[in-house]
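Positions annotated as compositional bias 'Basic and acidic residues' by TrEMBL: B:342-357. The feature compositional bias 'Polar residues' is assigned by TrEMBL to B:445-454. According to TrEMBL, the feature domain 'RING-type' maps to B:29-67. The domain 'SAP' annotation in TrEMBL covers B:233-267. The region 'Disordered' annotation in TrEMBL covers B:100-151, B:332-475.
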Amino acid sequence: MHEHTAPGLELVKADDFKEWLVDIRVLDPNPLYQNETYRLKFTFSQQYPIEAPEVVFVRDDTHPIPWHPHVYSNGIICLDLLDRAGWTPIHNVESVCVSLQSMLTSNTKKERPEGDEHFVKYNKQRPKDINFVFHDNQV
Amino acid sequence: MASFDLPDSTDWLDTSLSSFEPLEAALRCQVCKEFYDTPMITLCSHTFCSLCIRRCITTDGKCPTCKKEGQTDKLMPNWVVGEIVERFVKARPAALELARRDKEEKKGTSGRKRKLDDTDLEDDEISVRSTRSRKTRTAAPAGGADMSDPIAVVNSEEEGDYVPEGMVKCPICQKAMKEEQVYMHLDSCPGQKGPGGRNTRSRTNNAFSNTFQHQSTKLSPSPTPTRLPQLNYSLLKDNALRQKLHSLGIPTWGPKQLLIRRHTEWLNLWNSNCDATHPKTKGQLLKELDVWERTQGGHAGFTEAKVMKKDFDGNKWATNNKDHFDELIANARKKRTAPTEGEEKSEEKKEGVKDAPKVIPVQYSREQPANPPTETLLIPHTERAQEPQTDTKPSVDVARPYEGNNEALAIIRKKVDEANNNSNSSSSAGPQLEGEAPSLRPSEGISNPFSSPSRKVPMFQVPEDPVIEVETKSR
């Protein structure tokens, strides 16, 4: 279905409607993300697209977790459009990826969210159960 | 279905008509990404499939595109879009094939293709390609193209579902006719039982009245064009809701939450079917509801479907709080020997509610502010659902994590014994039979909710000496 993806995106695994893997690159010359490819994992519920998919970065040998003040080091992303309130069913995998690309490329700070260490250590919730507070309108 | 060979707007990109990609994308619903099926326009002038927008509205009441609220029941059909989609879908295979061939010829790669001229192509290849089942997706609105033939054609098939191509069935009398005629016909439709009646086209009706009557007894009636109203679920008791579902002819099993979700889905299916120009029969709708039941409803096998909020992570909750549940069950079993049922129930309810805020702070770390009150509220229900032993109501479908789980049962039995032993050995605490045992176990690491002194008072306690009150009640 998504054979023709936007530039910088590559579908790695899309065998079913449960879990997809997508590699994304940031195309602009942002020094934070140059020459790196990040792997996103989409997990779809039966209610998709009425409900948002779960989208996290996954880390492996060749795919780091990108530095961003809204991306925790375990790959969980704090982005309003992935949240229950911010999601709308008209989004799709591609639009989410493009949003993430733009979120990364506009970032200049090589930092993690506040309280990252604590969160990564103690969070056992699924991303969609976490109540993020969306305060940053710069993204 | 061979792999993912689904028609998609990106099919155009490799052809010489790549500008058709955005055209086709514009003719697809943004929610389901299919061609519009019964397109409806919202108050904010956005268009979606009828079923898609109804599902969205019952989820959060907002327009998916612009998030404008208050959309309920203000949908209007968008006939023009429906017709454009229908025409486009019919023209698509031929156009796509031509555009593909054109591209390949320009590239000069003649190896893959036979040398055919265009007319040959239309004769065979296109007819093959058009057998894709996309016809069911297209909602054909009244086109106004061919109004010249008002004679109704009778559907002679034994299976009432079959309708000849280009024909639709009258939702009331099941008669097949051209779709343009349906609205005119509805004004004079004799209904199922009286084919003679007021019908101005009685010549056809008389001839086939036997067929109609035969069909109407055999088939479940197809939906009449009346939309079903929303219900205020919070005002309905379980049984009243069950009755509603029963009268609608849809399954009535399961706990209230499932009944509500099933009814909502049925409303969406039914009402969007009312919008359609080719209404399906009730039997077809029931099949669709059955699909829903297996994928998202009571047969989906999610425990999260059974608690108050549909996306609540029931498994996680159960594992995180297993100790707590075990504890509760152990206590409840122990208590069962002494107090009356009603006493036990009210006690349990009270504790369930009071426990909820105690558990939460343990779970949420600093970055995760406590859940909104709605989520907090469901906790007592979850706990009750996880406690089949103390749940005195015979609700059929609650999660029963302990049933057949010998390991868990063994733990509970151990705890029961433990609790019994403790209360026996320290019989000096004697008269406090009810619910106090956990406080006699200071050695256990778990902070026990029952140990809070405020909870020793039963729910409807008059401000007197609690010990005496409990005694008299339990006798």
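Here the Cβ of each residue, glycine as well, is placed from N, Cα and C on the backbone.
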Rounded mean pLDDT for the residues that make up the domain 'RING-type' (B:29-67): 90
Tally the residues of the domain 'RING-type' (B:29-67) by DSSP class, grouping H, G and I as helix, E and B as strand, and everything else as coil. 11 helix, 8 strand, 20 coil
DSSP puts the residues of the domain 'SAP' (B:233-267) at 26 helix, 0 strand, 9 coil
